[in-house]
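Engineer: Take a look at this one; I'll ask things after.
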Amino acid sequence: MRKVLLTGFEPYGNTPTNPAESVARALDGTLVGDAEIVSRIVPNVFFECIDFVCAAIAEVQPELVIMLGEYGGRAMITVERLAQNFNDGTRYQLADNAGNVLQGQPTVAEGPAAYYTTLPLRAMVKAMRAAGIPSDISDAAGTFCCNHLMYGVLHHIAQEQLPIRAGWIHLPHLPSVAALDENLGAPSMSVKTSTAGVKAGIQAAFEHPKDIDEPSVSRLQI
């Protein structure tokens with residue numbers, strides 16, 4: 001059976017419940033067409049997270065790797081275009097879950113400046129919007145663990161010349177997290193809606209080995 005590896009980060013920082021973990025658990029074992037979703041919950045720790053997902057790739061042997069994370073402050077599901085070889089958690093005043101704080105270090109020494117996703121961004125966003133779920137393309141995955149993991153996994157796939165397409169989807173806060181004093185005013189999205197959006201995106205990724213050649217109107221500036 002065809003497989004998609006779906007990863008979601010564990011809680012971190014001011015996020016006691018990570019929507020990425022919630023959605024990954026909700027979709028684990030479900031079918032999208034003739035493909036099975038296999039989910040893994042990833043430690044929110046620099047470098048360790050890359051090793052964890054690369055080991056899962058070797059175990060699962062997926063056609064697609066879709067990684068999930070939270071982007072607090074965004075109101076839509078966003079599919080990331082690229083990951084950069086640069087880490088800076090200090091700008092967010094965040095350490096990873098092992099207490100590591102990176103500022104300016106690369107993910108891969110002497111590695112390329114960036115990697116582009118190999119997922120069909122426009123097709124995925126179109127499918128999510130058709131399902132009634134707000135979504136957009138983003139050109140900025142941040143400089144914390146999400147960008148770090150996306151870069152590391154795309155680098156691994158490129159170096160090993162694996163026949164795998166991979167990329168990143170960011171999710172808004174859960175309502176319960178947006179209701180916390182430190183997050184008041186932040187937009188949110190329910191697990192049910194985020195799960196439906198991710199599933200629609202996965203389906204579109206399988207249906208479109210190459211992206212569709214039509215515009216995707218954006219409201220994001222980055």
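Quick reminder: no glycine exception, Cβ is built from N, Cα and C everywhere.
Below are the features listed in TrEMBL for this protein:
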ACT_SITE  Glu80  active site
ACT_SITE  Cys146  active site
ACT_SITE  His170  active site
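Where in this structure would I find these features, and how exposed are they?
Structural biologist: Secondary structure from DSSP puts Glu80 (active site) in a beta strand. Annotation for Glu80 (active site): same-chain Cβ neighbours under 8 Å, separated by at least 6 residues, are Thr117, Ser138, Asp139, Ala140, Ala141, Cys146, Met150, Gly167, Trp168, Ile169, His170.
When secondary structure is read from DSSP and collapsed to three states, Cys146 (active site) falls in the helix class.
For the recorded site, His170 (active site), the DSSP three-state label reads strand.
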